Amino acid sequence: MANSRAQPAAPHHIAIVMDGNGRWATRRFLPRVAGHRQGVESLRRCVQACADRGVRVLTVFAFSSENWNRPQEEVSGLMELMALALGREVPRLREDGVRLRFVGERSNLSERIAQGLAKAEQATAGNTRLTLNVCFNYGGRWDIAQAAARLAEEGEAITEASLDRALALSHVPDPDLFIRTGGEQRISNFLLWQSAYSEFYFSDRLWPDFDEAALDEAIGAFAKRERRFGLTSAQLTESPAADQPTA
Ligand code: IPE
Ligand code: IPE
Ligand code: MG
């Protein structure tokens, strides 16, 4: 495929822990919520960049099950920002062919936010260029537990395949590339099940500073990895014919 940037092929699905907003703000003597506001700008740029590079699914961690334990002022600032961003960003995402999906527990969200999420999903349901999964009030453990509970309730056997289908991200394949910005090298309860064979990439950049060049660096690093999925390196390069039994 022709590509003017001479970039390696983009991964199908990128997942990102958008970390470092608070530190970005603190370094500028700003309130932490100013960092989250800048984080929305960075996400807008990243969505566009992913779509331009042929990424089909982008899954981002916006608010974790544990983030409720932050100071009340920050939590309400984040909720307010979500409500604002929904109003402001959805029309453009809709125009740009982005399908929005929100992944996480909705029962303890305010009515206003819950309705906003549902409306945004409806408004972009027909889009196919890029699926943007926003994990909000999400935890990997929550997801596995809710999936298991649902299967138990329906009297279905718990197998890898049935759990896979019951998980909140069952509408997309597992992430190929898992990026965390902000310098920490941990999962923090993001896609515990789905990242089993993802390639991990840790960037020291704070999320508001994670620009197109940083994304290209991550994609470039991904392109150099050899994904073996439990096989040997030699098996990956063997031609299918080599597997045929010889007469
Ligand atoms: C990530 O940035 C965004 C959320 C968790 C909502 P942080 O707010 O965790 O930023 P740092 O890690 O404190 O810099
Ligand atoms: C993970 O970041 C959650 C989001 C980016 C939304 P945190 O900042 O909450 O993670 P820890 O506390 O550093 O592990
Ligand atoms: Mg953080």
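Each residue, glycine too, has its Cβ placed from N, Cα and C.
Marked as active site by TrEMBL: Asp19. Here TrEMBL flags Asn67 as active site, proton acceptor. Residues or ranges marked as Mg(2+) binding site by TrEMBL: Asp19, Glu199. The substrate binding site annotation in TrEMBL covers 20-24, Arg32, His36, 64-66, Trp68, Arg70, Arg180, 186-188.
Recorded features from TrEMBL, shown on the structure.
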| residue | record | contacts (Cβ under 8 Å, 6+ apart) |
| --- | --- | --- |
| Gly20 | substrate binding site | Gly35, Thr181, Gly182, Gly183, Arg205, Leu206, Trp207, Pro208, Asp209 |
| Gly22 | substrate binding site | Arg32, Gly35, His36 |
| Trp24 | substrate binding site | Gly35, Gln38, Gly39, Leu206, Trp207, Pro208, Asp209 |
| Ser65 | substrate binding site | Gly104, Glu105, Asn137, Tyr138, Gly139, Arg141, Trp142, Asn189 |
| Asn67 | active site, proton acceptor | Val75, Leu78 |
| Trp68 | substrate binding site | Val75 |
| Arg180 | substrate binding site | Ile16, Val17, Asp19, Arg186, Phe200, Tyr201, Phe202, Ser203 |
| Ile187 | substrate binding site | Val17, Gly140, Ser195 |
| Glu199 | Mg(2+) binding site | Asp176, Leu177, Phe178, Phe222, Arg225, Arg227 |
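Under DSSP, Glu199 (Mg(2+) binding site) is assigned to a strand (E or B) in the three-state scheme. Using a 10 Å Cβ-Cβ cutoff, Asp19 (active site) registers 23 neighbours. With respect to ligand 3, the recorded positions Asp19, Trp24, Asn67, Arg180 contribute Asp19 as residues with a C-beta closer than 6 angstroms to one of its atoms, given in sequence order.
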